[in-house]
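S.K.: The following block contains the structure, expressed as structure tokens.
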Amino acid sequence: MFRLTDFTYHGKTVFLRADLNSPVKDGRIISDARFRAVLPTIQHLLDEGAKLVIGTHQSKPYKGDYITTEQHAEILSNLLGQEVEYVEDIFGKYARERIKTLKPGEAIILENLRFAAEDVKYKPLEECERTHFVRKLAPLLDYVVNDAFAAAHRSQPSLVGLARLKPMIMGFLMEKEVEALSRAYETNEKPRIYVLGGAKVDDSLRVAENVLRNGRADLILTGGLVGHVFTLAKGFHLGDANLEFMAKKGLLELVDWAENILDEFYPYVRTPVDFAVDYKGERVEVDLLSDEKWLFDKYPILDIGSRTIEKYRDVLMNARVIVANGPMGVFEREEFALGTVGVFRAIGESQAFSVVGGGHSIASIYQYNITGISHVSTGGGAMLSFFSGEKLPILEAFRISYERFKDKIERGPK
């Protein structure tokens, strides 16, 4: 795959596909984490004298955070100390004319790419290639740099459609992500511990199945709704209130799948031994085998309990490699953040090479100033897809582009 330092960019028109999709509150972007993550790539291209065209999506149609990229332009301008012009167009005449008049070292950001219907659908590369987006913009570009790791599991025109038409190059963030995740997945250092939490239960089950079946993990610790499903699969009852909630989320349908994983790998999947419920607004911990478990019938489980935190901490402190995705509970409420913070702090304090991902996981790491984690991934779904053994469309597109252009391009100094 092409790396950013393989080429020189002075006077070249470069389309940078970033993923600046960010949380929004009251119409304003409230986190610049993804902007900062892609900053080294942008700075390198501008320092080299590229004519830079930035593209990103923001949310999806009909959502409250489905906004224009005008604020994205402001945030980038402030971080870079130079103007990144907001262009209220994607591939229409206005955008194309502005791209043609770019000067070396200048940058623009196109309108929210998902304002174009083509970029909302997932289609194979060949179909993406035939879209208006690709056909209108490709003739104006010299290179495509892709730094949108968080969207690496998606196949859309702006992400993969240009790969056979122009050299598609990994940005610094993409390269860092691929290297860190590959190291964690391929290593033979033991013990290798996976921590699976949060609400993406089906994705987490795929990860568990893949890493256990292929000898890539030695133990899996579970929490969040993933932990709920595995706890039910072990035959424990989590009470009417929690079963009702899980039924609404469609999670009870996944219990059989979790049972099958346990049938094959029972000793290698750990589940919580106690939970914390919201008892009239307070945190009350209940042991899974205690007489107080009647509380599960009336009150929601919002975190793992202290005994589980300690058991997980002991395992993590002795790990050599840790992969974690998703929180242990509803960390947004301080009294139910103990599990997430306790587990992530243990990961940071351990001597292991650690990779942590998932939007909520990242938010909790920054919120509680957790340090010592080797690599904080910008991708949640993309990271889960990677560890579940799926082929990621963007990584496939990088390979296709490399094979097509490796002999035809005059490489810059390394």
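Note: Cβ is positioned from N, Cα and C throughout, glycine not excepted.
Since the structure is predicted, the reported quantities are computational estimates derived from the model, not experimental observations.
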S.K.: Among GLU332, GLU334, GLU335, find me the residue Swiss-Prot lists at the same ATP site as GLY358, GLY359, HIS360, SER361.
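M.R.: For ATP, Swiss-Prot names GLY358, GLY359, HIS360, SER361; of GLU332, GLU334, GLU335, the listed one is GLU332.
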S.K.: According to Swiss-Prot, ASP19, LEU20, ASN21, ARG34, HIS57, GLN58, SER59, LYS60, ARG154 bind substrate; so which of ARG114, ARG206, ARG213, ARG216 is the extra one listed there?
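M.R.: So the substrate site in Swiss-Prot includes ASP19, LEU20, ASN21, ARG34, HIS57, GLN58, SER59, LYS60, ARG154 plus, from the candidates ARG114, ARG206, ARG213, ARG216, ARG114.
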S.K.: How far is it from HIS57 (substrate binding site) to GLY359 (ATP binding site), counting Cα to Cα, in Å?
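M.R.: GLY359 (ATP binding site) has its Cα 16 Å from the Cα of HIS57 (substrate binding site).
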S.K.: Express the distance between the Cα positions of GLU332 (ATP binding site) and ASN21 (substrate binding site) as a whole number of Å.
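M.R.: Distance (Cα to Cα, whole Å): 20 Å.
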S.K.: Checking the spread of the ATP site as listed (GLU332, GLY358, GLY359, HIS360, SER361): what is the longest Cα-Cα distance, in whole Å?
M.R.: 15
S.K.: What's the longest C-alpha separation between any two of ASP19, LEU20, ASN21, ARG34, HIS57, GLN58, SER59, LYS60, ARG114, ARG154, the listed substrate-binding residues, in angstrom?
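M.R.: 18 Å is the greatest Cα spacing among the residues binding substrate.
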S.K.: Given the binding-site residues GLY358, GLY359, which one's Cβ is surrounded by the fewest other Cβ atoms within 10 Å?
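M.R.: Each of the binding-site residues GLY358, GLY359 was scored; lowest Cβ tally within 10 Å is GLY359.
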S.K.: Please give me the CB contact count at 10 A for HIS57 (substrate binding site), counting all chains in the structure.
M.R.: 25
